[in-house]
């Protein structure tokens, strides 16, 4: 018997067989017959399609069609597909409001729900489709928990908005608020930006969190080559989804599981691509969480080790000129990976969802067609990666800074301390913040907020007011992938558990040195001891529901803000 014939005969119902066969499972099958199952369908593996379709965000408004394309691909491959939904929240719409506290917890809800449905229904494999920021890590954590054959599909990037011949993105609207407050544009001009920034379906267009994570997942080998950069409205995106349905069936046939793909070296490939592209600080948090789930030993030190050897080569927003759709036009993530592989920065022997290795996937990949305007390895934006891990007496477990596009990587100035983003934003808009200040937003961590919200409103207004390189912004919360300027987040331990930020007082001198990888404040040990004795943890800001449960379970940001 040939190997091919043997594979065809292999029973791929690795879990669903407990429902598909046996007299005692007659009632179970009756429910599936209501869905249209016939006798022959029970002889096939059952493959789930986890859809994050929703009308609460443009990132996900089109995903139902992609889920149906994946369903078609699964059927054509010879399996029985079942679509189910999970949630999404819109980071952009909730930004700057209390709703932003639910963004990071939604990552866990997505993972929990995917794990729950696939486990309860005894599905054999999975295609997961995500659009907005937390969809990607949520789907990947769910995939890692299940360790069943799986392919991730990214819903795709939005196209750039157009106004007066210039490209816009969602961050243009956030920064426009600062420009309006500073008197640089009037209300009519701001309204035009609002109306033009987001032209249709897809996730935020720059190298923000969604595009960063889609790139990381493709580099890790868990998405089909090229799919990370295809725009949401392109015909390629539907093709990606259909192909994913066929690919997951092949993984099931070959017995290839996420643990076979998501190795330490695969995570190193993901980090390498994130550093080269100048990706979001959120990638650090999410990759730590995914690695924990798949039982790969990944720490902040691994990010710093890779950062030192990988140049930042992409001129992408938020600090650069171009968006993901432009990168797609010149070859996308495969072309970037081929360049990095040729330079010896990528592990080529890692397995991927194609069933081939990274190197095998890249063999037929054309080189970048860019004239070095978007990607330039020989003249990088920075000789090392832009996501810097800082440590010191203000963040003993670490903090994350993004230095892309900055001419200033050092600041020493007085702390301007706020216990909420809204208070800090009000002070910025009222011109109470001056060049040289270090704005501190604390009690914004995983437990303290709870939910570790992003500070895009505050950071964007600073940039819009021309203070992006003269005022630092420090928090135990997060920053959007759209944030730029001198921003430092993820400070750990967080304030809520008595981290050093909780002991800061107005006008304490803070030193941030991205070159020396240091973050500290000039307060004597004796004074710190006195403050520590007086400090009391404030009551948690949620005592029931989603946020209360999250606050009780969540770990430090330095561990990925995991909940298990």
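Cβ coordinates come from backbone N, Cα and C, glycine included.
According to Swiss-Prot, the features are:
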- 480: active site, proton acceptor (ACT_SITE)
- 59, 132, 204: [2Fe-2S] cluster binding site (BINDING)
- 91, 133, 134, 454: Mg(2+) binding site (BINDING)
- 134: N6-carboxylysine (MOD_RES)
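Structure with Swiss-Prot features highlighted.
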residue: 59; record: [2Fe-2S] cluster binding site; Cβ neighbours (10 Å): 29
residue: 91; record: Mg(2+) binding site; Cβ neighbours (10 Å): 32
residue: 132; record: [2Fe-2S] cluster binding site; Cβ neighbours (10 Å): 28
residue: 133; record: Mg(2+) binding site; Cβ neighbours (10 Å): 33
residue: 134; record: Mg(2+) binding site; Cβ neighbours (10 Å): 28
residue: 204; record: [2Fe-2S] cluster binding site; Cβ neighbours (10 Å): 30
residue: 454; record: Mg(2+) binding site; Cβ neighbours (10 Å): 32
residue: 480; record: active site, proton acceptor; Cβ neighbours (10 Å): 31
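The two recorded residues, residue 132 ([2Fe-2S] cluster binding site) and residue 454 (Mg(2+) binding site), have Cα atoms 14 Å apart. Using residue 454 (Mg(2+) binding site) as the reference Cα, a 10 A cut-off selects 480 from the recorded positions 59, 204, 480.
Excluding 91, 133, 134, 454 themselves, the residues of that chain whose CB lies within 8 A of the CB mean position for the Mg(2+) site are, in sequence, 89, 103, 104, 132, 209, 282, 480. Residue 91 (Mg(2+) binding site) falls within a helical segment according to DSSP. A distance of 9 Å separates the Cα atom of residue 133 (Mg(2+) binding site) from that of residue 204 ([2Fe-2S] cluster binding site).
Rounded to a whole number, the C-alpha distance linking residue 91 (Mg(2+) binding site) with residue 480 (active site, proton acceptor) is 9 angstrom. DSSP assigns residue 454 (Mg(2+) binding site) to a strand.
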